[in-house]
Ligand SMILES: Nc1nc2c(ncn2[C@@H]2O[C@H](COP(=O)(O)OP(=O)(O)OP(=O)(O)O)[C@@H](O)[C@H]2O)c(=O)[nH]1
Ligand SMILES: [Mg+2]
């Protein structure tokens with residue numbers, strides 16, 4: 001099966017294969033029941049994930065693992081598709097233009113492709129590596145038309161993300177005992193919002209979650225975290241503004257231990273990576289956490305704002321030098337047309353992107369996965385391509401039938 005077809009099958013419903021009237025009826029009832037009532041809904045309606053009611057329930061009323069995984073993948077596909085809309089418009093348009101302008105695969109095409117990817121924030125080294133791989137692949141497979149290179153480009157993006165992969169985008173969360181997650185980053189990148197979303201995710205998984213209001217510096221920061229705590233329904237441990245953040249963490253850890261909390265997520269004040277006193281404060285917070293719970297913090301997540309582009313990359317480099325960052329949360333990916341920054345971060349920093357922020361709502365934080373990412377980035381192109389090749393197959397089949405008929409007639 002082709003790479004595009006596999007992505008399409010994985011991330012979309014089989015709805016597009018249904019008859020139009022059947023589909024319309026079904027979508028209308030879905031919209032009535034459980035779709036968000038937005039003016040955008042009709043436009044995207046063919047892309048809505050399969051519903052639980054359509055899934056096969058067994059005798060105990062349980063849904064099969066296969067159905068569950070299918071629904072989960074479709075929901076993920078829909079989320080990435082919606083969140084990466086701006087980047088997708090940009091990437092698809094640019095790539096289509098390139099392919100139309102340079103019909104033949106040659107050095108001019110590769111140079112233009114390099115330029116396009118660099119402009120989309122993919123990062124210089126990553127682009128060079130990617131395009132070099134494409135040159136080799138085009139030669140190996142004897143591809144001479146740029147049109148035939150579409151799928152290879154998307155496939156290589158996934159491959160380049162996966163290299164040196166140790167499955168580290170998975171969070172280091174133990175089933176037993178208290179886990180501590182420390183959220184760090186510069187001002188306004190989305191730390192507190194991400195904590196709210198993360199708490200919501202873990203709570204939905206059945207974990208007992210608590211938050212620690214470690215930003216004692218910015219006015220209103222403690223209150224902001226408390227509002228998230230109320231919204232999600234988790235307890236927030238705090239002290240008054242201006243107190244020592246390390247003391248807040250210490251007390252929160254003790255409270256979390258005595259209440260049997262599974263995951264404590266700690267907010268911190270936004271800090272510039274070049275302010276050494278603030279970075280020292282962060283080290284102190286980490287030390288205190290580590291003394292109270294061996295192995296903690298289990299994750300130090302660096303929040304980066306995708307809309308800041310290459311600046312996010314340099315922030316990450318500096319943070320990495322002064323503190324042990326275990327993962328990246330790339331926020332506001334929905335707000336940029338330069339979604340290529342994900343690849344630059346992964347490749348140039350060797351720090352895994354664990355989550356991406358695809359909007360401001362509670363369920364807009366999604367675990368990062370390169371396949372759902374490229375699907376979000378090229379969804380229309382992928383679907384168009386698969387539909388075209390299905391149509392071409394159908395045509396070949398019907399021509400075969402005609403030819404057979406013709407042969408029979410002449411017998
Ligand atoms: N569109 C979009 N907005 C986001 C996302 N994540 C966060 N935001 C917004 O970014 C703004 C800043 O978020 P905060 O969570 O307060 O950021 P912070 O890093 O805690 O900020 P400081 O505490 O001031 O350092 C808010 O308006 C959020 O709603 C995202 O994934 N997408
Ligand atoms: Mg904050």
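We number each residue from 1, going along the chain as drawn.
Note that Cβ sites are derived from N, Cα and C of the backbone, with glycine treated the same way.
These numbers come from a predicted model, not from an experiment.
As recorded in TrEMBL, the features of this protein are as follows:
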- 185-192, 267-271, 331-334: GTP binding site (BINDING)
- 81-108: coiled coil (COILED)
- 23-33: compositional bias 'Acidic residues' (COMPBIAS)
- 41-53: compositional bias 'Basic and acidic residues' (COMPBIAS)
- 392-411: compositional bias 'Basic and acidic residues' (COMPBIAS)
- 352-365: domain 'SRP54-type proteins GTP-binding' (DOMAIN)
- 1-53: region 'Disordered' (REGION)
- 389-411: region 'Disordered' (REGION)
Worksheet item: Among 185, 188, all listed as binding-site residues, which has the most CB atoms within 10 Å of its CB?
Response: 185
Discussion item. Same chain only, please: residues at least 6 beyond the ends of the domain 'SRP54-type proteins GTP-binding' (352-365) with a C-beta under 8 Å from a C-beta of the stretch. Say none if there are none.
Written reply: 79-80, 82-84, 168-171, 190, 193-194, 196-198, 200-201, 231-232, 299, 301, 306, 327-334, 342, 345-346, 373
Worksheet entry | Number of Cβ atoms other than its own within 10 Å, given for residue 271 (GTP binding site) | 19
Worksheet item: Of 191, 268, 271, listed as binding-site residues, which ones have a Cβ less than 6 Å away from ligand 1?
Response: 191
Worksheet item: Long-range same-chain neighbours of residue 191 (GTP binding site), Cβ under 8 Å, sequence gap at least 6?
Response: 183, 184, 185, 215, 267, 268, 270, 303
Worksheet item: Are any of the binding-site residues 185, 188, 268 near ligand 2, with a Cβ under 6 Å from it, and if so which?
Response: none
Item to complete: Sort the residues of the domain 'SRP54-type proteins GTP-binding' (352-365) into helix, strand and coil with DSSP and give the three counts.
Response: 0 helix, 6 strand, 8 coil
Response to the item:
Reduced DSSP state (H/G/I helix, E/B strand, rest coil) at residue 185 (GTP binding site) is coil
